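J.: Would you mind keeping the following structure in view while I ask a few things?
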Amino acid sequence: MQSLFAVFIDGAIYASWLFLVAAGLTVIYGVMRILNMAHGSFYAIGAYSAASMIGWYFADGSGNAWVSFLLLIVCALAAGLVVGTIIERGLLRYMYGRDEILMVIITYALLLILEDVMKIVWGVSPYFAYQPYTALGRVSMMGLKMSTYDLMLIGVAIVVGGALYAWLERTTLGKILRAVIHDREVASAMGVNVAKMFTITFLVGATLGTLAGALTAPAISVVPGIGVEVIVLAFAVVVVGGLGSIEGAAAGALLVGLCRAAAVHYAPEFELFVIYGVMSLVLAVRPQGLFGRTLARKI
Amino acid sequence: MSASIILETRGLCKTFGAVTAAKDLHVTIAPGEVVGVIGSNGAGKTTFINMVTGYLEPSSGEILFNGKSIVGTVPRAITRMGLARSFQVAQLFPELSVLDNLIIALAAAESPRPSFFRPLRTRAREARADAILEEFRLTAFRDARVTAVPQGARKLVDIAMALIGEPKMLLLDEPTSGVSVDEKNALMDTVMAAVRHHGTTVLFVEHDMDVVRRYVSRILAFYSGEIIADGTPDHVLADAKVRELVTGHAADGHSARKGASA
Amino acid sequence: MRFDKTEIALLGVGVALAISGLLAPGWLIFLLTVALAKGLVVQGVVMQMRAGMVSFGQGLFYCVGGYAVGMGGQFLGVSSAVLLLVLGVAAAAVLAMVLGLLLTRYREIFFAMLSLAFSMILYGVLVKGQALGSTDGFNVHSWGLFSGPASNPTMTIFYLTLACAAVVAFFLHRYTRSGVGVVCEATRENEVRVEYLGLSPRWILYANYVVAAVVSALGGGLTALAAGHVDPEMAYWTTSGEFVFIAILGGTGSVFAPFLAALVFALVRTYAIELVPNGWQMILGITLLVIIVFLPKGLWSLFSRKKEGAHS
């Protein structure tokens, strides 16, 4: 019973993290039809900026855990907006309208470039930002000791998911975006400024990426290559859920998260590939993913 | 019975969500017939062709080709049974040359399993493709990429590729759409000459009543997924319902245009 | 059998390389060997690109070919390089025949991502496999051409790789003009039409997938023999990304292109890593963007464009 509870909690924590990582990817794909490989870089940039910021804030050995948590978020927003703007305005907008698979390769090139940019800016030695993580301490539930920070991650994921959903479903801007998702050409013909919508979407997506990285930074050591590892996980989650769907990303994250937690507890040798195993299984049964739609070609 | 009927549909229905694209279609076509299908956009003409050639699965009903049920059969198998089609928008290999398009079709007609090693382009196939190009008056476009070829020529290549397998029956989906008015008759003359040469049964969807009158012995009129008239051109085009729902005021416009062209 | 210009050129280049093998320094021979072997892996990527499929998981077959060579020596006591390669190719063929059944249902980014996932599954398995040295991998036992050990492994593997590359290039040159090869392109262009010609696009893509896997596995096996070591990194997605990079660098215009691109890649990397250790990936990324924007048909189009100019 206790181990089942542990699987559930671990799964929920991991799923929250996966959702945060995947949300930006799916938003960008949904609106722009770009499967953004550089999303991993946004994650890493978020983690690096947050780690630098936390390091600076705690430099004199003292600081408030909640303030530092707030700093993480501010830092993520700033990094996401700056990097997102540079990439979208400076490069991607010239590439719009190209083949989907070519966009994958273009963003792969971006990922390669950003990997080295980060090495130049932050060097190759690891950064640590454990203070918020340790300062928040642990709580005990059903005989399990859990990190408060990890549990908070679940809350953050729910808030982010809810906010995204409300944004797309309840606001005017969201409705316009959904029109673009549904049919870009018709939306454009009806006077929607698609280019502007793309910019907004990309910034939101990039910021979600940096946010995920910033929130993860206290729990890991920030080293080169973390973005490269994360991006394939995010892909798996998004593909399981159905490309471009927020609900799908949530469902995909939950499914993958729980499966991995179960594997970690009961069959650790499967831990690493259970994610891709789930992905392959889901796609074998439902090629469009859990929440994806299929469109037949008109002839 | 199957000797005198090449294609038969019984109670064919197709719905897309709330939209009914085909409702209880009963059609029988005899070998050698040339049948025209008329109807406004969205009347269910292309849906009919898509179902008969296996691209769409009917919601209910039966399709018999030469007496054999073909519901649930994939398009490639139906093609191999001798039921071919052309497309409203020509379906070609745009980055390849016109010649290569035809050579691929020729090779496909020979065998369903291409070779891994022997070259596709052989002297024999090239010669046959050249003959087809001549027959369809496409020789000028032989080595041009499809993207560089005008609409009318693309339509012809599309139809030529369908005919290469020497089908027993050919379904033409708006063969003259997107083709300029002066080219329409030339295109249809070319196609029909080739078809007669092979003795192929033809069903074609067409909006231009002049073109329909000129070539067909029988007309099916579609409206809102149903067949509202079936018979000789004179009979169908004079039908009150057809005039109201399909040809509109075309009865007058038709004679006016005929007067102009005479 | 009649030979066309490319095939004669192939023979010429092969002979030239074989002779230069006698004169070139050891490091260059090694570099050439690895470039040719990786060029073979890239041929597999290019074959699929011609059919409109971009595999971000070709590292799977590269790795299978490599590990088969390593494990054949380690567990089966095979010391014949030829037999080890056959082992790798057979393993890849069987795996591709199974995976192809699923993968050929997918196109575009779905194919790219799913092939990536399969390669990552293998990576996960290998990392967890303590018997296979986990993340460190293990060394390939000493081998000889038909029985080991070879007296001069560097030269033996160079000539073996060269021979394999030449034979595969000859086959692929024919293959791209064959029925399957051309219909692959046709499938990329318009699957609906292929179907309506009475052909099965899935069968074509399946056949092509399996052949590509075999070619890539051969490249993986040769790389393992040359480097004397295999590790799970071979199946990691960035390795596959590198193959996609080389494929785009060369383009799909000629059977020579992947080899040439692999060689350029190897040379540039050797110097770039020395000169700008933290700028190597940036150079790759920028080159990739430049190629996509200015040379969409790859480096090879520099050559073929010149030829076209001469004609007109």
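Cβ atoms are placed via backbone N, Cα and C, with glycine included.
Pasting the relevant annotations from TrEMBL:
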TRANSMEM  C:12-37  transmembrane segment
TRANSMEM  C:49-69  transmembrane segment
TRANSMEM  C:81-103  transmembrane segment
TRANSMEM  C:110-133  transmembrane segment
TRANSMEM  C:153-172  transmembrane segment
TRANSMEM  C:203-223  transmembrane segment
TRANSMEM  C:243-268  transmembrane segment
TRANSMEM  C:280-303  transmembrane segment
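Please situate the listed features within the shown structure.
T.: Among residues of the same chain six or more beyond the transmembrane segment (C:12-37), those with a C-beta under 8 A of the stretch's C-beta atoms are 154-155, 157-159, 161-162, 165-166, 219-220, 222-223, 226-227, 256, 259, 262-263, 265-267, 270.
Within the chain carrying the transmembrane segment (C:49-69), a Cβ under 8 angstroms from the stretch's Cβ atoms is held by residues 41, 84-85, 87-92, 95-96, 107, 111-120, 122-123, 126, 132, 140, 176, 181, 184-185, 187-189, 204-205, 208-209, 212-214, 216-225, 230, 232, 234-237, 239-241, 243-244, 247, 252, all 6 or more beyond its ends.
Listed by sequence, the residues of this chain that lie at least six past the ends of the transmembrane segment (C:81-103) yet keep a Cβ under 8 A from its Cβ atoms are 60-61, 64-69, 72-73, 111, 114-115, 118, 143-146, 148, 150, 156-157, 160, 164, 206, 209-210, 212-214, 216-218, 220-222, 225.
Only residues 6 or more beyond the boundaries of the transmembrane segment (C:110-133), in the same chain, are considered here, and those with a CB under 8 A from a CB of the stretch are 53-60, 63-64, 67, 71, 99, 102-103, 231-232, 235-237, 240.
Same-chain residues lying 6 or more positions outside the transmembrane segment (C:153-172) and placing a CB less than 8 Å from one of its CB atoms are 7, 10-11, 14, 17-18, 21, 26, 29-30, 32-33, 36-37, 39-40, 43, 47, 81-82, 85, 142-145, 215, 218, 222, 225-226, 228, 255-256, 259.
Counting residues 6+ beyond its ends, the transmembrane segment (C:203-223) has Cβ neighbours under 8 Å at 33-34, 36-45, 47-48, 51, 53, 55, 58, 61-66, 68-69, 84-85, 87-89, 91-93, 95-97, 99-101, 103-104, 157, 160-161, 164, 168, 172, 175, 180, 183-184, 187, 194, 234 in the same chain.
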